[in-house]
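**Student:** Below are the features listed in TrEMBL for this protein:
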DOMAIN    52-198  domain 'Phosphoethanolamine transferase N-terminal'
DOMAIN    224-501  domain 'Sulfatase N-terminal'
TRANSMEM  34-56  transmembrane segment
TRANSMEM  68-90  transmembrane segment
TRANSMEM  110-134  transmembrane segment
TRANSMEM  146-165  transmembrane segment
Amino acid sequence: MQRLTLNFPVLLILVAAWLALAYSGPLVSALSEYGVHGLMQVKLMVFIAFFYTVALATSRCVNAFKPFAILLFVLAAPALFYMSEYGIIIDADMIINAIETDTAEAREQLSGSFFETFITLGVIPSLLLAYIKLPTSSATTKIKQGLAAATCFSILAVGIAYTSYDDFASLFRNHRDVKYRVAPFNVISSTVSALKRKLETPTQFIRLGQDAVQVSTSEKPRVMVIVLGETARADHFAINNYARPTTPSLNALMTSEPIFSYKKATSCGTATAISVPCMFSFLTADNYSDVARNSSNVLDVLETAGINATWIENNSGCKDVCNRIKTVKMSESRCEESQCYDIDMLEQLKSWLSNLHQDSIIVLHQMGSHGPAYYERSPNEMKRFLPECKSQELSNCSVDEITNAYDNSLLVTDQLVSQVIKLLKSHTELESSMMYVSDHGESLGDNGIYLHGLPNWIAPEEQRHIPWIVWPSDTFNVSKHETGATISHDNFSHTILGYFNVEASVYNEHLDLTKPDGRYAHAFATTRR
C-alpha cells in the first residue's frame, strides 16, 4: 500500500489547524462564558492557528517538523483531558504539582477516559502524521520552506493581532486564565516558567531564626500536635454549621472541651506543593516564593530553640518541610488494611507521647480528603453518606455521590482530631494543645470545577476557605469576635512560636494568634505561663 504524500505547506496548515481546533474545547467554553463570541472568537482561533504554524514551520528548518508536531499532540491530549474533566487550567504551579505527584497519586489520576482521550487525540494523530509522507527535500530546501512559511504566517499573525489589539488586550487583561487554556501551548510555556523558577531559586540553604530562644517554659513539658489536613473545605464541617453531621465526634466533645473553630480562615495556596511550604515558612501568601523550600521553616527554628520536632507522614511527602527533623513515614507494614488510613497515625502518636520529656511539636500529615478517589479515604465501617462515588472519573458520578464520598472522608478527619484531643487530655503530665489546619480546600463540581490547584487569582472560595480548629488543655472563654476573626496561613508559624514562647528575628507578634492582647486573642492565651 502506497503511503499518502502531501507537500509541506499543506501538511503544515493541516497540523496547525488540528492543534488549534481539536484541543480547544475548554478554551472555547471559557470564551463563551466571558461573552466572547462570533468574529472575535474566530479571530482568536485563527491567531492561535497561525502561532502554531510559525512554530511548526521553524521546526522544519532543523528537520524536526514531524517529531515536534507529534510532541505537541502527545502533550495536548492529556492537557485537554484534565482541563475538560476537572475544569483546571495549566500554569507553572500545576506543572510543579504534576512533577511532585507520587506513584499512588498518579495512579488515581489515570482512568479509562484518560486513556481513551490520549489514544484518540494523542496516539492516533501521531501515527497518522508519521504515516503521511513528505516529498524528499534537501536540507537547504527544508530551511527555505521553513523560513518562508514562518515569515508568511508571522506577518499574518501580526496583522490579526494589530487589527484586533484592543479586543485582545481587553480579553487577556480581564481574563488572565485564557492563555493557560490553550493546549499544548500552556503545557510548554508553564513548564518553561516552572524550570525558570527552579533555576532562579538559590541552591544554598538559607538559615533563618538562628537567634531563636525560648524565653520561658512550663513546669510540665509543653506539647503541640498539629493535624495537617489535606483538601478539606471549611463549609463541609458540621462544626462550621454545615447541615450534614460530618464532625459528630468534635461536636460531642465541644460539650465538655474548649474546642474552637475559626470560620474565616484562608489558605496560602490551592495545592499542597504551595500551601505546605508556605504555611510553615515565614513568608506570607502575598510574597511567597520557592525560596521558602530552601530556607529554615518554623520547625527548624523550634529545634534551634531546643524544642523537639517530629513529622508523621501519611501523604505524598512533606514538600521539603520535614527534611531536617525526625520523620516517620506510614506504610502498609504499619497498618492492618491494604492502605494506611489517617486514623492509623494514632499509634505512632501514642508511642511518641509516652516517651516525651521535653517541649515538643509533632505534625500528623493526613491523606485527608485527597481526590479524586475520595471513597478510598474512609474505611467501610465509617461510611455514613451513601451512595458514594466509587470512581476516579468524577464526571461519571452525580454531584450527590461525589459529595457523599467526600463527606465520608471528613468523618475520618473528625475521628482523628477527636482522638488526638482525648489522647492529649489523658496525658495530665503534659501541657498540651492541638491545632488542626487544612492545607487548602476543594472543588466538588461547583460551577463545573473539580479538585483544586487553580491560581489564587482565579480560584473559587471553596479551594481556599479552610477549616482551622484549636484545642488548648485549659478552659477559657472566647468571644464570637475572636473565632470570627479573618485569619490565614500567614498566622500559622508565628502562632506556633508564640505558643512555645520562642522569640526570634523571624517572629511577628502581629500574626501570632496566641497574643493575649492582640486582635486574634483566644484560648491559647490561657496556656501561656
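Backbone N, Cα and C atoms are what each Cβ position is placed from, and that goes for glycine too.
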**Student:** Out of 34-56, 68-90, 110-134, which stretch touches the transmembrane segment (146-165) the most, going by CB pairs under 8 Å?
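**Tutor:** It is 34-56, which has the most Cβ pairs under 8 Å.
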**Student:** Which whole number is the mean pLDDT over the domain 'Sulfatase N-terminal' (224-501)?
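**Tutor:** Summarising the domain 'Sulfatase N-terminal' (224-501) by its mean pLDDT gives 92.
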**Student:** Which residue counts does DSSP yield for the domain 'Phosphoethanolamine transferase N-terminal' (52-198) in the helix, strand and coil classes, in that order?
**Tutor:** 121 helix, 1 strand, 25 coil
